[in-house]
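Asker: So TrEMBL says this about it:
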SIGNAL    1-17  signal peptide
DISULFID  52-400  disulfide bond
DISULFID  256-270  disulfide bond
DISULFID  424-430  disulfide bond
């Protein structure tokens with residue numbers, strides 16, 4: 001008997017430890033805050049090899065943490081009325097509500113009464129402001145020149161949260177460099193293209209073929225998620241004695257993400273789900289992002305070629321300035337861009353990041369990849385790592401005059417950390433020549449206008465992810481875990 005009690009206590013303690021140690025804020029797919037994605041540690045930025053000096057920086061960053069959009073605010077308002085109705089029906093049917101969390105009985109949407117949405121919130125401003133400060137700290141020589149808009153080019157999409165992110169970043173980057181106010185801020189320029197023609201940062205809006213693909217594919221993605229949603233709907237209905245539907249679970253998961261990221265509340269909507277259920281919910285979000293914005297279809301990232309071309313061109317101009325010994329202040333030293341998850345995700349794919357070794361060869365050949373494996377299997381592709389709020393890729397061009405074979409090198413920092421490039425044999429420090437030949441060149445065969453023209457011979461409606469992997473996803477062996485859905489970028 002004593003042995004049984006000890007075993008019970010051991011299992012119970014481990015279960016509680018799992019619940020306590022599980023950090024929900026790191027499992028919110030692309031709704032994850034930047035600090036939660038990176039953890040509590042400072043950036044592990046590694047200095048360049050001896051004799052190498054950074055001469056140019058490209059940045060592609062997502063906007064910071066933002067409020068829910070108007071459409072999502074309406075969804076949460078509807079959830080409020082739906083929950084009231086569910087509880088009322090349960091009482092009328094004589095069901096016990098003792099298992100129901102007290103907060104749920106009186107819950108009101110924090111965004112109730114708001115008619116606008118999607119704006120950058122204070123936490124998002126801080127994410128970009130702090131990123132700007134850290135960027136200057138990492139590359140003091142790059143940002144030692146006096147500010148000029150042609151030396152430090154800053155671009156953002158016309159969407160307010162992106163341009164506000166650019167402003168917050170610039171305030172951090174140039175802090176103390178001006179004469180405005182007690183903090184010595186300075187004015188700087190942020191350039192935006194029209195949404196209708198911004199093929200550099202909003203290529204997903206300018207590509208009709210992609211618009212057609214996404215519109216056709218979204219219902220199929222929802223269908224893929226149904227088995228998971230159905231399982232968790234049943235589980236939560238039994239757990240809390242309410243007649244939940246699939247849509248209720250989707251909205252509750254969305255509420256969990258908003259509460260955790262925006263309000264630092266993790267014991268309400270998030271508390272309805274177990275860690276294993278959260279892992280599956282996160283996975284369904286990641287699968288959706290993979291299919292519609294990532295490696296699930298080569299069109300998703302091929303349409304980002306104008307951005308990739310612009311980055312290579314900026315590096316070539318920096319090399320030319322170096323070779324011609326142009327005087328400081330007469331050439332560009334940084335090109336800084338602020339956009340959306342729909343920009344950062346495809347661009348990350350163009351670089352071949354977050355791939356297993358053989359998968360890089362497949363994307364170069366535009367072959368389909370398997371879907372991210374279902375938990376508890378581990379996976380590389382996670383929205384919380386690839387494109388959290390304020391997620392970013394920095395491409396740093398170095399001059400290494402002591403190197404006998406190649407003088408110029410590229411390092412990619414993802415969320416400020418050096419990251420291995422499969423196209424450069426797994427190194428995070430790649431010669432510019434190899435970077436162009438092995439990573440960039442295979443994509444440059446595509447012309448944006450030709451690629452995005454509607455009604456091409458090959459249909460854009462079918463995802464390239466292999467049918468076998470979809471079949472295995474639907475009918476393959478599962479855990480006993482149950483789980484829901486939904487993504488916001």
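Every residue, even glycine, has its Cβ placed from backbone N, Cα and C.
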Asker: Check the Cα-Cα distances from residue 52 (disulfide bond) to the disulfide-bonded residues 256, 270, 424, 430 and tell me which is shortest.
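Answerer: With Cα distances computed to residue 52 (disulfide bond), the winner among 256, 270, 424, 430 is 430.
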Asker: Measure the Cβ-based neighbour count of residue 424 (disulfide bond), defined as the other Cβ atoms within 10 Å of its Cβ.
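Answerer: I count 21 other Cβ atoms within 10 Å of it.
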Asker: Cα distance, residue 430 (disulfide bond) to residue 256 (disulfide bond), nearest Å?
Answerer: 41
Asker: Taking only same-chain residues 6+ apart in sequence, whose CB is under 8 Å from that of residue 270 (disulfide bond), what do you get?
Answerer: 24, 256, 259, 260, 278
Asker: Per residue, counting other C-beta atoms within 10 angstroms of the C-beta, which of the disulfide-bonded residues 52, 256, 400 reaches the highest number?
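Answerer: Top count of Cβ atoms within 10 Å goes to 256.
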Asker: Note down the number of other Cβ atoms within 10 Å of the Cβ of residue 430 (disulfide bond), including every protein chain shown.
Answerer: 21
Asker: Quick one: Cα separation, residue 424 (disulfide bond) versus residue 400 (disulfide bond), in Å?
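Answerer: Just about 17 Å between their Cα atoms.
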Asker: Taking the Cα atoms as reference points, how far is residue 430 (disulfide bond) from residue 400 (disulfide bond) in Å?
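Answerer: A Cα-Cα distance of 12 Å.
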